[in-house]
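Trainee: Got these off TrEMBL a minute ago, pasting:
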{"type": "BINDING", "residues": "Arg73, Ser74, Gly75, Asn86, Thr90, Ile91, Asp92", "note": "substrate binding site"}
{"type": "DOMAIN", "residues": "20-152", "note": "domain 'dUTPase-like'"}
Amino acid sequence: MGHMDCKINVVTLDHGKGLPLPKYETSDSAGMDLYAALGEGETITLGPLERALIPTGLAMALPHAYEAQVRPRSGLAAKNGVTVANSPGTIDADYRGEVKVILVNLSNDPFTIERGMRVAQMVIAPVTQGTWVEVENLDETERGTGGFGSTGTH
Ligand SMILES: O=c1ccn([C@H]2C[C@H](O)[C@@H](COP(=O)(O)OP(=O)(O)OP(=O)(O)O)O2)c(=O)[nH]1
């Protein structure tokens, strides 16, 4: 079965010019890696617990009822302790600004970001919007109000 297709209009911004568009690395990759669209020779160094907004050089128009999620790359997180501070970041379909990655360094060592580095990944997903139905009582269930570790304790 093929993947759902989602055509996304994209504009490449100046400082990202020359970088490839993000792509799926394998035929079944869920996310496309986002490149740091820093200027030629520009670097950003994150000290321990520091964060920064990393430009991707992309402005896009997702179709109605889609979103994009900015998620960490597991390699960066495991090797360098560098992750996405607001993970998953939410890109709304009506957002026309530059997509940015909020990277945070959770390690004890400084981490330097260079132009073209793959700093995060972006997953395209369909959006469901909920509609409230206000009622007096909720139906009864086996779980009831139990949560936060309530199962398996008796
Ligand atoms: O990691 C992210 C998260 C958000 N955005 C952009 C796209 C998104 O559509 C917009 C607003 O994001 P969000 O709703 O998460 O931010 P907010 O703090 O609630 O701001 P706003 O009041 O502008 O909605 O910012 C990014 O570029 N990267």
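Placed from the backbone N, Cα and C atoms, the Cβ positions cover glycine too.
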Trainee: Out of Arg73, Ser74, Gly75, Asp92, which binding-site residues have CB atoms lying under 6 Å from ligand 1?
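Mentor: List returned for ligand 1: Asp92.
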Trainee: List nothing but the largest Cα to Cα distance in Å, as a whole number, among the residues Arg73, Ser74, Gly75, Asn86, Thr90, Ile91, Asp92 that the record says bind substrate.
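Mentor: Per the listed residues, the maximum Cα distance equals 26 Å.
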Trainee: Count the other Cβ atoms sitting within 10 Å of the Cβ of Ile91 (substrate binding site), across every protein chain shown.
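Mentor: Its Cβ shell of radius 10 Å holds 20 other Cβ atoms.
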Trainee: Inside 10 Å of the Cβ of Arg73 (substrate binding site), count up the other Cβ atoms and send me the figure.
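Mentor: Its Cβ has 19 other Cβ atoms within 10 Å.
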Trainee: Given a separation of at least six residues and a C-beta threshold under 8 Å, show me what packs close to Asp92 (substrate binding site) in the same chain.
Mentor: Leu62, Glu67
Trainee: Under a three-state reduction of DSSP output, how is Ile91 (substrate binding site) classified: helix, strand, or coil?
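Mentor: Reduced to three states, the DSSP call for Ile91 (substrate binding site) is strand.
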Trainee: Going by DSSP, give the three-state secondary structure for Arg73 (substrate binding site).
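Mentor: Its secondary structure by DSSP: coil.
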Trainee: Could you tell me which three-state DSSP class Asn86 (substrate binding site) falls into?
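Mentor: DSSP call for Asn86 (substrate binding site): coil, neither helix nor strand.
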Trainee: Tell me, what is the mean pLDDT of the domain 'dUTPase-like' (20-152)?
Mentor: 97
Trainee: Write out the long-range same-chain contacts of Asn86 (substrate binding site), meaning residues 6 or more apart in sequence whose Cβ is under 8 Å from its Cβ.
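Mentor: Once residues fewer than 6 apart are set aside, Asn86 (substrate binding site) is near Val70, Ile102.
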